[in-house]
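Student: From TrEMBL, here are the annotated features:
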DOMAIN    18-209  domain 'ABC-2 type transporter transmembrane'
TRANSMEM  26-45  transmembrane segment
TRANSMEM  57-78  transmembrane segment
TRANSMEM  109-127  transmembrane segment
TRANSMEM  139-163  transmembrane segment
TRANSMEM  169-188  transmembrane segment
TRANSMEM  224-242  transmembrane segment
Amino acid sequence: MTGDGGVLSALAVSARHQVLIYLMEWKFSLVLGVVQPAVLLLVNLSSVTDPAAAGRVVLGVVLMSFWTSTVWNGAGILRLERAEGVLAASLYSCRSALVVLVGKSFGSSLLAVVSVLLTVSLSLAALGQPISVGSPGWLLLGLLVVLLSGTALGVLLSCVFLVSRFGAQISGALMYPVFLLAGLLIPLRMIPRELGALSWIVSFRWAMAFLESCTAGRPALADLGVTVLLSLGYAALGHYAFGYVSRRARVAGTLDLE
């Protein structure tokens, strides 16, 4: 199968394969997609009664949990393949290795989003906590953009972590700063202005602002546009990073594949 149909087929098969891998490694996925968001909701909603404030807490928990899954699961795809001894087969297969990686990153992101949203929904129902959603259609579109942004970041970070010996340390170092810079833990107005300027390059910061505006019933399309542009930038960087990884493996022979 060639052409667009072949690409879509490769994306779908790769995504399904990655979902099955993480479902088999269910303990880690359980912690990231179920335990973490449930605990964060219990802690942060304990003193919140206003539906609008609860909505902001829920959005922050969803994005925090998704970002955690991105830096630990999505970003570790190539590193995991090297550890299992299948990286060479992935890079030298008849399918485009980049298309396969994008599919796997999408599968990882999709599993994270579905598990987090399901956990949050069940937790809110169990707590009897109402939330305000003024524009549900725009909210769903925003979540789709977040899913695609996470996919692009997964590809980029997966390549970065593959060529670094400190992938686990980088994952840990990226997690909490993004929580702060994206305004997921606390509002951006509460962090120093100098640090706030760094948040301009974090897509989750703009995604959070857009999703908040959707819960208020006044979608801020400019924030959605910035999220899309940054995600496209991540995708371009991921394409370049994968080209670098591929050249090291195929031409220079300086990338350890096992």
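Placement of Cβ uses the backbone N, Cα and C atoms for every residue, glycine included.
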Student: Any chance the transmembrane segment (139-163) and the transmembrane segment (224-242) are in contact, meaning at least three CB pairs closer than 8 A with a sequence separation of 6+?
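Tutor: Counting Cβ pairs under 8 Å (6 or more apart in sequence), the transmembrane segment (139-163) reaches the transmembrane segment (224-242), since there are 3 or more.
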Student: Considering only Cβ pairs within less than 8 angstroms, which of the stretches 26-45, 57-78, 224-242 has the most against the transmembrane segment (169-188)?
Tutor: 57-78
Student: Go through the chain and flag residues at least 6 beyond the ends of the transmembrane segment (57-78) whose CB is under 8 A from any CB in it; none is fine as an answer.
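Tutor: Sequence-remote neighbours of the transmembrane segment (57-78) are 18, 22, 28-29, 32-33, 36-37, 40-41, 44-45, 48, 87, 90, 101, 104-105, 108-109, 111-113, 116-117, 120, 124, 131, 143, 146, 150-151, 153-154, 157-162, 167, 171, 174-175, 178-179, 182-185, 204, 207-208, 211-212, 215, 245.
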